[in-house]
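A short worksheet on the structure shown next.
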């Protein structure tokens, strides 16, 4: 009798495990928009002349785990202003895709570049503050930045 009850519950258990197998990989997985924000947004941090800014931020934002990310840019503007870039001048991305947009005004950014000779796990970065137009790739609904493509000087 107990064996029959156990066998009757087996299909239900299999179904639950299948559903968990389907759902679980998406739980806790960072969306492309969330990854963009983690890797590129620092609205609260004003750009400073602190030479260790990049070393600290790259480590804090998990871009030195397993390898040293060679180049990264942080944007020091409100998130809504960066999201608005998705509705500004359309440009072609470096990889040839048509979903990049250039900001209509300059934005405060910090460029972080891995210094020569720096090797994992001792990632060391050169910090440089700039005011530049940013180019981001956008996608999704809502249409938001998912990739930082470049920064360019004002052409005027």
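Placement of Cβ uses the backbone N, Cα and C atoms for every residue, glycine included.
Here Swiss-Prot flags 1-28 as signal peptide, drawing on similarity to another entry.
Through the fold, the region 'Disordered' (33-52) approaches residues 61-63, 72-79, 82, 108-110, 127, 129, 136, 140, 144-148 of its own chain, all at least 6 residues removed from its boundaries and within a Cβ separation under 8 Å. Annotation source Swiss-Prot lists region 'Disordered' at 33-52.
Residues or ranges marked as compositional bias 'Basic and acidic residues' by Swiss-Prot: 33-43.
Annotated substrate binding site per Swiss-Prot: 35, 38, 69, 70, 71, 72, 73, 94, 113, in sequence order, evidence recorded as similarity to another entry. Note: residue 69 (substrate binding site) has non-local neighbours 58, 63, 114, 123, i.e. same-chain residues 6+ apart with C-beta under 8 A of its own C-beta.
What Swiss-Prot records for 40 is active site, proton acceptor. Around the Cβ of residue 40 (active site, proton acceptor), 19 further Cβ atoms fall within 10 Å across all displayed protein chains.
Sequence-distant contacts of residue 54 (disulfide bond), defined by Cβ-Cβ distance under 8 angstroms and a gap of at least six in the same chain, are 72, 110, 112, 113, 125, 126, 127. Classification of residue 54 (disulfide bond) by DSSP places it within a helix. Swiss-Prot lists 54-112 (among others) with the feature disulfide bond.
DSSP gives residue 62 (N-linked glycosylation site) a coil state; it is part of no helix or strand. Taking Cβ-Cβ distances under 8 Å and a sequence gap of 6 or more within the same chain, the neighbours of residue 62 (N-linked glycosylation site) are 38. For 62 (among others), the entry in Swiss-Prot reads N-linked glycosylation site, with the evidence type sequence analysis.
Under the heading disulfide bond, Swiss-Prot lists 68-123 (among others). When other Cβ atoms within 10 Å of the Cβ of residue 123 (disulfide bond) are tallied across all protein chains shown, the result is 21. Residue 123 (disulfide bond) falls within neither a helix nor a strand when secondary structure is assigned with DSSP, and so counts as coil.
Marked as disulfide bond by Swiss-Prot: 86-138 (among others). Residue 86 (disulfide bond) carries a helical DSSP state (H, G or I). Around residue 86 (disulfide bond), taking its Cβ as the centre, 20 other Cβ atoms fall within 10 Å, counting all chains.
The disulfide bond annotation in Swiss-Prot covers 93-100 (among others). Around the Cβ of residue 100 (disulfide bond), 23 further Cβ atoms fall within 10 Å across all displayed protein chains.
The 10 Å shell around the Cβ of residue 116 (N-linked glycosylation site) contains 7 further Cβ atoms across the protein chains shown. Marked as N-linked glycosylation site by Swiss-Prot: 116 (among others).
For residue 147 (active site, proton donor), other Cβ atoms within 10 Å of its Cβ number 20. Swiss-Prot lists 147 with the feature active site, proton donor, giving similarity to another entry as the kind of evidence.
Taking the Cα atom of each, residue 68 (disulfide bond) and residue 93 (disulfide bond) are about 24 angstrom apart. Distance between Cα atoms for residue 138 (disulfide bond) and residue 116 (N-linked glycosylation site): 32 Å, as a whole number. Near residue 147 (active site, proton donor), with the C-alpha within 10 Å of its C-alpha, lie none of the recorded positions 71, 73, 86. A separation of roughly 11 Å, to the nearest angstrom, links the Cα atoms of residue 40 (active site, proton acceptor) and residue 71 (substrate binding site).
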